[in-house]
Amino acid sequence: MTAAHLTARRAGSLKGTVRAPGDKSISHRALILGALASGLTEVDGLLESDDVRRTAAAMQAFGAGVIRTGEGAWRVEGKGGFAEPGDVIDCGNAGTGVRLIMGAAAGFDLAATFTGDSSLRGRPMNRVLKPLGEMGASWICRAGGRLPLTLKGGSLKRIAYRLPEPSAQVKSAVLLAGLSADGGAEVFEAEATRDHTERMLRGFGAEVDVTEESAGRRIVLPGGQALKGTRIRVPGDPSSAAFPLVAALVTPGSQVTVEGMLLNPLRIGLLETLGDMGADLSVTNVRDEGGETVADVTARHSALEGVETPPERAPSMIDEYPILAVAAAFASGRTVMRGIGEMRVKESDRIALMAAGLAACGVEVEEEPEGMIVTGRGGAVRGGGRITTHGDHRIAMSHLVLGMAAEEPVSVDEPGMIATSFPGFVEMMRGLGADVGADVGGDVGADSPVGA
């Protein structure tokens, strides 16, 4: 089968200033909360990726008015709740979108059927369905809690739910369901996860009480609250900013600045880890935008050293481990990443794919059930891998960054999937001086060292 793919080659230093695309987590929540609210919500800087557009279409299907008024500028006319959709809700590849939407929809007297692409249909939804079921929602789905799934909502009761493992998506789904539940909702998390839902609920006029306890965080959402439309400025996504920043760190002579990057304290695990590795990073122009800390971050080529990442840091950088593994490949010594089993149930088994992809590029890597160990040789990476991504955008972008600094080109298949989170990735990296080219090759997957 002939498949289009992208190839990245070493092309000298990367230099320039860019702005990261809007944060994906906040973009999903802006649309969903805007649809649940009464009145107009205006959003600036929305990430216009396929994932987020799927959520926008879903909000229209649930009865909200959703209009694009300019680049990154959207208006959501909420009706104070969800109406029953007239068709199946296709969430594409958007795992965040479907889980949050199911939580929001569970509180209304409706039936809604959700599906997605082959990747999303293979991802289990049980972690979200369990608390929603305890609140009173019901559903019919495939084995293992997989899509397609029909959710029946309405008449929810209060829940006090302890997260069995860190998950901002599960926490957010419970809180969104709690908006319509009799008595609201309470969530306890032993490890703090990204708190955009709590912050944004307050921005829409809701009361949310967060208490720091010795064993974790308790979030209480009182019942009977109505949301009101508001204005939202979406900051730059740190998960997307990670790619140009790490590319600069591993490419000799490089200096790249990412403007307007979100620095939420629960999203900066990668920056902290890169700092531990000796990365030359500077943070300037720190300011507050819409209740979130935002700044400009500059990365310069650095001689990195291997480190052991604390497992408790995982929730603050769970999406960044693939690109951290690339940084580790160029570092001196061992980088140990443990407590990251969540990576196995993302868009793909990211531990397995990164381990196989790095090995295909000549990097020493050990795969573990809940982690991996990458041993770098101080800047020397052979490259040359032809990578099967299994449709995972972060696997694709991480290996392309590796190819920008490796001795031999690196190719990835299914490049169209990059648009699920970072539609302007290739153009941005080319603007900084990277050599990334699209080709139509032979059977990209069949002879790849990274098989199915």
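The backbone N, Cα and C atoms fix where each Cβ goes, glycine too.
Of all Cβ atoms in the shown protein chains, 24 besides its own fall within 10 Å of the Cβ of Asp319 (active site, proton acceptor). What Swiss-Prot records for Asp319 is active site, proton acceptor, and it gives sequence analysis as the kind of evidence.
When secondary structure is read from DSSP and collapsed to three states, Lys24 (phosphoenolpyruvate binding site) falls in the helix class. In the structure as shown, the Cβ atom of Lys24 (phosphoenolpyruvate binding site) sits within 10 Å of 25 other Cβ atoms. What Swiss-Prot lists as phosphoenolpyruvate binding site is Lys24, Gly95, Arg123, Gln169, Arg350, Arg394, and the listing cites sequence analysis.
According to Swiss-Prot, the feature 3-phosphoshikimate binding site maps to Lys24, Ser25, Arg29, Ser167, Gln169, Asp319, Lys346, an assignment based on sequence analysis.
The Cβ of Ser25 (3-phosphoshikimate binding site) has Thr96, Ala168, Arg194, His196, Asp237 as same-chain neighbours under 8 Å, each 6 or more residues away in sequence.
For the binding site of 3-phosphoshikimate, formed by Lys24, Ser25, Arg29, Ser167, Gln169, Asp319, Lys346 according to the record, the largest Cα to Cα distance is 19 Å, rounded to a whole number. Arg29 (3-phosphoshikimate binding site) falls within a helical segment according to DSSP. If you draw a 10 Å sphere around the CB of Arg350 (phosphoenolpyruvate binding site), it holds 26 other CB atoms from the protein chains shown. Asp319 (active site, proton acceptor) falls within a helix when secondary structure is assigned with DSSP. For Gln169 (phosphoenolpyruvate binding site), the same-chain residues 6+ apart in sequence whose C-beta sits under 8 angstroms from its C-beta are Gly95, Thr96, Arg99, Leu100, Val128. When secondary structure is read from DSSP and collapsed to three states, Arg350 (phosphoenolpyruvate binding site) falls in the helix class.
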